[in-house]
Amino acid sequence: MIFKVIFMNNQIPLLGITGYSGSGKTTLLEKLIPELIARHIRVSVIKHSHHNMQVDKEGKDSWRMKEAGSSQVILANDERWAIMTETPKPVSLDYLAQQFDRTLTDLVLVEGFKQEPIPKILLHRQEMTKPLPEIDEYVLAVATNYPLEIDRTLLDINRIPQIADFIENWLHHFHGAR
């Protein structure tokens, strides 16, 4: 139990960006990440995909190593590196978050994983045909493009600085509560 407490105290904070498909999660992140970086917050992202994904290309050396049976392949050059891992079963969000380098990351934004028990900002747009999803105990704020009466912070989905302010304040509170 002590290890768990120590780990929890040293964990990089995770903040989910959730909502239905088409709610603008990726678009919001594309605009939000540079805004947070300008505030000297080092951001990393975990994105969940429901589709089978292939990072490398068929026939390339890294693909051939994977096809030969390697459980992990690191592809590296002078600018970046990526590790590709074959997983026989789904991995947890906690496991994925532990893969980040703490010296490069202050905050992990998580796109998807909406059922995970992590703090999150829920996105919804007025033009969506689906109603506002359930606001569970982990939803810190709701970002919309329409007025809404809720018992959480309401953010304007089109005002990136406002959302960044909210995240920056939450992040300071997270570090202060540790």
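Just so it is clear, glycine is given a Cβ too, placed from its N, Cα and C backbone atoms.
Neighbour density for G24 (GTP binding site): within 10 A of its CB lie 20 other CB atoms from the protein chains shown. Secondary structure at G24 (GTP binding site), as computed by DSSP, is coil. Here Swiss-Prot flags G22, S23, G24, K25, T26, D56, K57, E58, G59, T103, L104, T105, D106 as GTP binding site.
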Chain-internal residues, separated by at least six, CB under 8 A from L104 (GTP binding site): R42, S44
Span of G22, S23, G24, K25, T26, D56, K57, E58, G59, T103, L104, T105, D106 around GTP - largest C-alpha separation, Å: 37
